[in-house]
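A short worksheet on the structure shown next.
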Amino acid sequence: MTSVAPVAAAKPGGSTPKKGGAAGRPSAAAWLVAVPFLAFVGTFLVYPTVLVLFGAFQDSNGAFTLENLTTLFTGVVFDAFVRSIELSALTAVIGAIFGALLTWAIAVGNPDGMLRRTVVAGSGVLAQFGGVPLAFAFLATVGFEGLVTKFLRDNVGIDLFAGSAWLFELPGLTLVYTFFQIPLMVIVFLPALDGLRPQWREANASLGGTSWTYWRHVGGPILTPPFLGALLLLFANAFSAYATAAALVSQGSPIVPLQIRGFLTGEVVLGQENLGKALGLGMVIVVSIAMGVNVLLQKRVAKWVR
Amino acid sequence: MGSLVKQRVLRTIVLLVLGVYFILPLIAMAEFSTRGREGSRSLESWTSIVDDEGLMEALVNSLLLSVTSAVLMLVLLVPTMAWIRLRLPQLQRFVEFLCLLPLAIPAIVLVVGMAPLYAWVNYFLGDSPLTLTYAYTILVLPFAYRAVDAGLSAIDLKTLAEAARSLGASWFTVLWKVVVPNIRVALIGASLLSVALVLGEFTIASLLNFDTLQVQVNLLGKRNAGVSIAVSLLCLIFAFVLLFALSYVGQRRRQTVVEE
């Protein structure tokens, strides 16, 4: 509650400098208005981030060390990173391909139609707010007593869990992740498809082009950068995801976010208190690389879509 | 014409296959949550939602949090962003960077740094689940920023503010009577988004040991899968209704712009 108060106080404070240089340099008092926001973000975003990033370079006594980071490249931690990257890359590719198809299917339809509205709203739900409910959706569908599991066992004679408890391991995570990756692709990719002008298609047709020449020479080249950008975004999204995996996998920590859970809930080996922060740093680096390449791609797109 | 037919066939196949793929889990949830004893149907899972005190308490916490987070987000973001556009353009880039930063830092990483911070928060401000408001306001920043930024870009803020100021309005009046009404659609959008996000949040609440809706749903799943699945289905439907409504809010704005 305390951080709300300064906002109300700063507003009238900000009204005093009104005569001070409207066009020139803002007065010191003008800066005061931004203080509550900056103080809040500084405390609850920048401080925790810095804590993680610096903590990754400290041993349990606070002295500088690179040991946490070198540990990232050994044993179970390294395996978790490899698995996380594999899971994210695989679900990003699956999500991008099927998501692009679904996007195309709604983009060619009525822009204000019910179908499009439903798909876009449903995609928003699954892509951004799925989390724990998604894990339970899967237990209900292909869990030990799920609808599909029971149907296949009773009517077809196939036991989904004959081999292993795959739903609670990497294959299960891959399947579940497609349920937020495909919808995210729809949300991210739809603006790009909407940006294709009908005139281009008409020009192609009037010059004797076919559907193939249109996608080969017009649609394809224009959509490639946004498609790759969306692919990277999907990768970063799967890599950062935690809730669904945490609700599904309660034993073991196959992927990095679950490893971090282990460090937070107390399975800490003495002398490795800051290893969790190094894992966090590793995650931020991977996500930042994906996002950075994405920004470069977006700049390329901006030139074309104008 | 041939390609148009092909397009229609392909479109139908895509919609059918993916439609089934996404609707099947929903049907399974409805089926699972209405299972009774020995193959009969029963609404027991659904009725016991209301009887579960822990769940109801957590739901109240989450609903309160969704309101407090949306309010804190608006109070922090709207005056600051409007002011920056009017008087401090040199801060614009920096504030945008700060607001979008949570996209690059996964919540699971943020919570590692927040754990020690919340030890202090809980020491000074008590350990009410409502203290999560601060963390959640950070989480909704990127989405809220984009919505508010789009709203502010769509109006001629400088002219409106100057007109109001020349008529003797205080900055507070400008904000409350000129800026807010003009971007109310964007503010509603930003608020609905943050409500949906807060109601669905699990990572930070569970790892900081606060009792929110998703944390309870997850916990309950270990004892009684039926109830958890029923609540999960409710959550998905509720979020869908929110976002569906949001798509009409966006459209109304488009229409008014056209009319003007």
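Placement of Cβ uses the backbone N, Cα and C atoms for every residue, glycine included.
Automatic, uncurated: that is what TrEMBL annotation is.
The domain 'ABC transmembrane type-1' annotation in TrEMBL covers B:59-246.
Residues or ranges marked as transmembrane segment in TrEMBL: B:12-30 (among others). Within its own chain, the transmembrane segment (B:12-30) has Cβ neighbours under 8 Å at 229-230, 232-233, 236, counting only residues six or more beyond its boundaries.
If you look up TrEMBL, you'll see B:63-86 (among others) marked as transmembrane segment.
The feature transmembrane segment is assigned by TrEMBL to B:98-119 (among others).
Residues or ranges marked as transmembrane segment in TrEMBL: B:131-148 (among others).
TrEMBL lists B:185-205 (among others) with the feature transmembrane segment.
Taking Cβ pairs closer than 8 Å, the transmembrane segment (B:225-246) reaches residues 26, 29-30, 32-33, 35, 44-46, 48-49, 52, 55, 189, 192-193, 195-196, 199-200, 213-214, 217-218 in its own chain, all 6 or more past its ends. Under the heading transmembrane segment, TrEMBL lists B:225-246 (among others).
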Cβ contacts under 8 Å made by the transmembrane segment (B:98-119) with residues that lie 6+ beyond its boundaries: 77, 131, 135, 138-139, 141-142, 144-145, 203-204, 207-208
